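S.K.: Take this structure first; my questions come after.
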Amino acid sequence: MSSATAAATATIAAAAAKLAATPAPAPSRRRLTLRGNPTARRCVAAMAVSTPRSAAAAAFLERRESERALHFVKYQGLGNDFIMVDNRDSAVPKVTPEEAAKLCDRNFGVGADGVIFVMPGVNGADYTMRIFNSDGSEPEMCGNGVRCFARFIAELENLQGTHSFKIHTGAGLIIPEIQNDGKVKVDMGQPILSGPDIPTKLPSTKNEAVVQADLAVDGSTWQVTCVSMGNPHCVTFGTKELKVLHVDDLKLSDIGPKFEHHEMFPARTNTEFVEVLSRSHLKMRVWERGAGATLACGTGACAVVVAAVLEGRAERKCVVDLPGGPLEIEWREDDNHIYMTGPAEAVFYGSAVH
């Protein structure tokens, strides 16, 4: 062996010894938390994923996540489901209407009827509530959404027991109260009955209100009563030919859009189809403006009771059955306010790339 070869061999041996003496980096262990599924929690808890990464790669991934990941809580109120976003640090929504529509897609996104943002309060309100529908449009208010909003606030603020909040919405000030049984009672304010303020082009039939007006849709003459709960509603109990509806027989995907986009409703409309079970018990299905057929609509249930009272079909305090479950609605004479009581609950927690 030449002296040069011997020197090279010695250098390689020394480098190998130094490498062997260097402790191996501990594998990173990433924990994924899943709530609501005990089996999944056990499986995930048993996993330890080794992901040796360079410092540069780790920094890139963390930066990317902080810029693109939207953290949310999925809530539902009688099956009307929403992606709830903590937006208290800004008056600008964290996602655009177009991004919200993608998030709401039930095949390519998270899946929801809308995205709701908890934002800083204005004009003396504790919080501001904004909503993007599943089509990206922005409604003034959502009754089921405001119940979810109240429960989400309680979770964010770690509040226990009964609490009420003043919430600024596109429909004005709304005051929900979390009750001891976990349900949320909401002062929905006063109904708007003047046609131009709803808005509708239908002529008034009772004082300034549009009550049992004729509306031609799909070859039939429907009798409708129009109400705004800060957002427009068209309520019908049947046609001139068919006085009593059996709402389960309706194909909403056919008839709903024809009401929503009818020329008599310049801002489009939500439509409620109602079956009277008794003077204190109503059953409805709804086609929501910007969301289509949904399992529940809180403002719609309020509008239904108002319409039923105006048409002499029901009392001021009713249980309203929706596909997702019942709501308790009361239209009080003393203050002309409508009160809605119903459930809202968290479904799961997650993050989505947007």
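Glycine is treated like the rest: Cβ placed from N, Cα and C.
For reference, Swiss-Prot lists these features for the protein:
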TRANSIT   1-44  transit peptide
ACT_SITE  CYS142  active site
ACT_SITE  CYS297  active site
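Map these features onto the structure and tell me what's around them.
M.R.: For CYS142 (active site), the same-chain residues lying six or more positions away in sequence with a CB closer than 8 A to its CB are ASN80, PHE82, GLY114, ILE116, ILE131, ASN231, CYS297, GLY298, THR299.
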S.K.: Going by DSSP, is CYS142 (active site) sitting in a helix, a strand, or coil?
M.R.: coil
S.K.: State the count of C-beta atoms found within 10 angstroms of the C-beta of CYS297 (active site), not counting that atom itself.
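M.R.: For CYS297 (active site), the count of other Cβ atoms within 10 Å is 35.
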